[in-house]
Every structure is written in C-alpha cells, then in structure tokens.
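Below is one structure; the comments refer to it alone.
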Amino acid sequence: MATKNAIEDVAHNEKSRLSGEMQSLGKICNIEHKMCSNSGESSNGGLDPEPPSIPKRRQELLKWNGWGYKDSKFFVNKDGHVEFTGERYRISGSTMPGLRDWMTKTIGISLDQKTPSQPEISAANIPLPVKNESFVADLRKTSISNSDDCQDRLFRAHGHTLHEIFLLREGKFDRIPDLVIWPASHDEVVKVVELACKHNVVVIPFGGGTSVSNALECPLEEKRMIVSLDTSQMNRILWVDEKNMTMRAECGIIGQDLERKLAERGLCTGHEPDSMEFSSLGGWVATRASGMKKNIYGNIEDLLVHVKMVTPRGVMEKNCQVPRMSCGPDIHHFILGSEGTLGVVTEVTLKVRPLPPCKKYGSIVFPDFECGVKCMREVAKQRCAPASIRLMDNEQFQFGHALKVESKSILTNFLDGLKKLYITKLKGFDPMKLAVATLLFEGTKEEVAAKEKRVYEIAAMFRGIPGGADNGERGYMLTFVIAYLRDIAFDYYVVAESFETSVPWDRCLDLCQNVKERLHRECKDNGIQFPPYITCRVTQTYDSGACVYFYFAFNYRGISNPVHLYEHIETCGREEILANGGSISHHHGVGKIRKQWLRKTIGDIGLGTLQAVKQYIDPNNIFGNNNLMIGQNFGGVVQQEAANVLLPSKL
C-alpha cells in the first residue's frame, strides 16, 4: 500500500507540473489518475482514446501567421509595458517592466514604427490545387478524411522558419499542398501510400508543423499533385507494457498529450524537446530529435525500441523488439533523421520510466562564460550531469532579466537586491560579463541530493556560486514562451531566428566567440544600422562535446529585403561554425535550409549511400519533399551545392 501511495503521489505531482506549474503544455489538463491495478486494464493494455489537444482544423486554436496559441502573445499595453496574454503559461497575464527598455536599447525598436502582418491570406492569393482526378476518385472510395479547403492546405504548407513566417505575414506562397489527408490508422496510411504510388502523387508527411528547416516547404518545380499526410488523428497510445517498461503509440500524438497520458500511469518517456507542446512522436523520429533532459533519458535514438514506416516498397520494421542486436547495420538508423524522404513513420515503441519522485531546480552564476564552459566540461567528464544543464552567455542573461515579470512583493524585490549586491559587490562579478547556468535535477531524493552536491562542488572550482532555485525554474519556464517573442519582434521591424550545432569540447569556446564576431562583422559590412542581438548558450553536454544554441536578431528598418539579408548572414555564421569544428545541426535537422552542406558533412560516399537507399525504397520519388538532397533531381541540387563553397574562418 505504501508503494502504491508513493506512486500515486508522484503521478499527482507530475499532473500538477504538466497542468499547473509549467502550464506550457497547451490546455489546462484535467487528469484523474488511474492505477493499472484498479482500472481494469491489463499491464499491456492501451489507454482510453481522447481528442488531441490540437484540433483537426488547426486554425481554430493556433495562429495562422505565428507561433502557438491564438490567445497567447506578447503585446505592448496601454501603459507602454510588454504584457503576455492568455491563461496557459505561468507568465500569462503578467507584465515585464524591463522588456520594452531592453528592446529599445538593445536592438533599436521604436514603438512608433510598426510592421503589422497582412490580414489573413484570402483564397484569391492561395494557389489553385493541382488535381489528379483518378487519385481523388480512388480516395473517395475509402472513408479516409480529406480536404482541399484553402486554409487547411495553407496551414500545412510551412513550418516555423523566419522565411516561412515572414512570407505569411507579408507575402504569399507560390506552391502549397493540393490536398490534406487525415489517416486514422497505420492501415489507412498504407492505403494512401498505395494510391499515391498507383497515381504518381507526391506525399509530404505532416506531424506537428514545428519544423525549422523548411522541411515542409513544397518544391516549386513539382508539377505533380502534392498531398499533405497529416498524422494528427493517429494519436493513441496503443499499449503500455510495464513488465518491459515500453509503450507503443501512433505517430501523430504530440508531446504534451503523450506525457500527460503516461503520467496517469505514473510513467514518462522523459523526452522533452522545446517544441513538445506541438511536435509529434513521428516527427521526433523523422528528425532525430533531442530533448532537454537527455542526460537521464537519452535522445530519441536512445529511447527508440521499435518503429514502423510505410514506404512505397511496403512496411519497413524489425520483426522483434529487443534491447539490442548484432544483425548488420541497424535499419532504425535509415528511419531516424529521414525527414519524410523515404516514407511515413506510423507507430513507435519507446522506453518508459517511472515518474521521478523528486525534481529540483537550481542555478549557478559564473564570473564569465569561459568559467561556465569549463565547469560544464568537468561535469560531463565526471558524468554527474543533472537531467538538464544550460549555460547562458551574458547577452542571454541580460535578456532573461528583462523578461522578469513584475513583482508586487516587497520581500521579493528586497531579496533580489541582496542577491545582486552579493554577486556584484561582495563577489566582484561584473554584471556585463557574468554567465548563468540553469539546472534541473530529477530522480530519487538521494540521487538528486548527491548530484546537486557534486555539481555545486565542481562549480565552486570555477568560481561559480549558487544562484537559487527560482532563477533555474524561471529559465526553464521561459523555454516554452520564448518562441512567442519573435512575433512581437516582427511587429517592430525585427527579424530573428535560432540555429544550433554540436562541437567538440576543445573547440567550444572558440566556436561561440568566432561565430558571434563573424555575425557582428557581417551585419556591419551589410549596412545594418542598428546593433544586432547575438547570443548563445551551451545547452546539452556529452562526453566528447556539447550542443550550442544561437539566437540572432536585427532591426531591419531601411533594408528592402530583410529575409534575404538575414539568410545570407546566417549562412556566413554557419560557415564559421563549420570552420570551427561544428556540425550543420545537432537536432533541428537538415531539411532544405542546410542541405547545401550535407555533402561536406558526410562525404561523397555517405551521400551516395543515402541516394542509393532512396532510389531503392522510393524510385519514383513519391516522398518528394526534396529534403536532405536525396530526391531525384540530383543534378540541379548538386550544382546549387557546388556554388556554396565552404569558406575558411575569417577570424
């Protein structure tokens, strides 16, 4: 009974985290915890189906021209302060008194000069659908849901790159899917792919729509009918096996729904990418995703036990579900990161774990970024990393401070003043140089206490001092609202984007410094009159290296084609990353944005191998989204790639 009560307490706490504490997972959750022993379900039974958090018609709940929910956004209120609307997040309904001044001083925003989005794109500005009448006729003989509604098609024509959202706000798309199809099961996906092969129709899989690599962009040169295969109605957990600690779910389930349903059983996958509110299980596999708590739970490839993918050749899957086998190259690695070029991921089996009974936030303040990086290296070396550890540079620390919500508590303001006095006066840290690490510990109380003790001991070796749990918790809470900031930036002549890389430890500091310097110089050389905002954080640690995440923004007043200029400068930044030993991506994927560097990354033989796999599995390029440079139009793509010569570091 004691064990059962303990598990129920953990599940209740996780329910509170998902539905209240973070409130970052979309809707306010209404979960009644059900133990397997008293629910009438077997240990490997499925969970009761329920509607997904994101409706079939996404436009009913989500913005058509920006990130996230319609009811959640930053805006400047009548008092001139930035406020966040809605009720979904902890900062909803709060004002951030310091954000307006930060925006004005840092990137030159003027509240008197706005660039509002165009009204919702009318049907007249949406391309007419290309129709393959024989395909449509055969599809109508089935019960598979589909739509050629303009808004349904437009919503699935893009992800969330700067280029795509700017186009929604100020332009139009020249090519979008001609039809949206919502299969409800693996078998219905098989039927759709069979019909597509029969009638030579292009299929582009669509999961949560959170891509930041132009992966969902329809190729302009494609003359065939294009269908968007939306997996959102495939959102069931098919079974949970508590003996083997695995579960199988359909590909379209999104992160917030998956974790909420598993929490009802006292379980979790632990996979929490920053996009988990909206991104799908199938998308995680197809993009080779990473979650912020990978130090404990692993990346998606570490969690994966089994996967089904429907291809033009048939269903690709292993015939057993074992923890490991030595049977030649692992076919899962053809599926992981395939980005919709080979087929549709339909069902995924992942490892699960009991919900951690103890969660604790923390933060560490370092005198400078270099001390912080050295500390993270030592933490990784000693393999004592918490579930998540992220190091922000000074620019990001200043930004986070500007996002602080208004506090009406005299005590809170007094304590904040004491902390500042202690750090800057007594410890002698320069507020314009210091860096901050945020920490999240998970596990048993004993495990958390042991790791916490060791991490803070290591931090002290590099002049790090504890910064308090509140700063750590606030840092992770902001993870889920940071994407909303780009929308208010768009309203005031600012373009912004993030990009990431992985890098060996011995190149980490040089890469961070050189990329920022290169971006600053390119902005100056290209006539950008306002100082750009360029910041980075070390956001994942490994034995042999780290993941580094950059944010880059500039005020484009006086510039006629800001997106083109942004992409040019970001390309320079990417070349600097490669020149300093970094990768083209740690977890965002290749898509179309980064495919110009794929050959340089994996070599001629590596690329040829991918092309050979594509040729065998999909000889007619049915999955013709042209990601990864392994479609049929090799000639044009390779010529384009050859024109983008990798430059040596200019620093």
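Positions of Cβ are set from backbone N, Cα and C atoms, glycine also.
Just so you know, TrEMBL annotations never went through curation; they're auto-generated.
Applying an 8 A CB threshold to same-chain residues 6+ apart, the list for TYR549 (active site, proton donor/acceptor) reads SER498, PHE499, GLU500, CYS536, ARG537, VAL538, THR539. If you look up TrEMBL, you'll see TYR549 marked as active site, proton donor/acceptor.
Residues or ranges marked as FAD binding site in TrEMBL: 205-211, 287-290, 339-345. The secondary structure of GLY340 (FAD binding site), as reduced to three states from DSSP, is coil rather than helix or strand. The C-beta environment of GLY340 (FAD binding site), restricted to residues of the same chain at least 6 apart in sequence and closer than 8 Å, consists of ILE204, PRO205, ALA215, ALA286, PHE623, ASN625, ASN627.
According to TrEMBL, the feature substrate binding site maps to ARG486. DSSP assigns ARG486 (substrate binding site) to a helix in the three-state reduction.
The domain 'FAD-binding PCMH-type' feature in TrEMBL is assigned to 173-355. The average pLDDT for the domain 'FAD-binding PCMH-type' (173-355) in the predicted structure is 98.
Look at TrEMBL and you will find ARG390 tagged as site 'Important for enzyme activity'. Here the Cβ of ARG390 (site 'Important for enzyme activity') has 24 other Cβ atoms within 10 Å, regardless of which shown protein chain they belong to.
The distance from the Cα of GLY343 (FAD binding site) to the Cα of ARG390 (site 'Important for enzyme activity') comes to 35 Å.
Per-site Cβ counts within 10 Å over the binding-site residues PRO205, GLY208, GLY343 peak at PRO205. Ranked by Cβ neighbours within 10 A across all protein chains shown, the binding-site residues SER211, ALA289, ARG486 are led by SER211.
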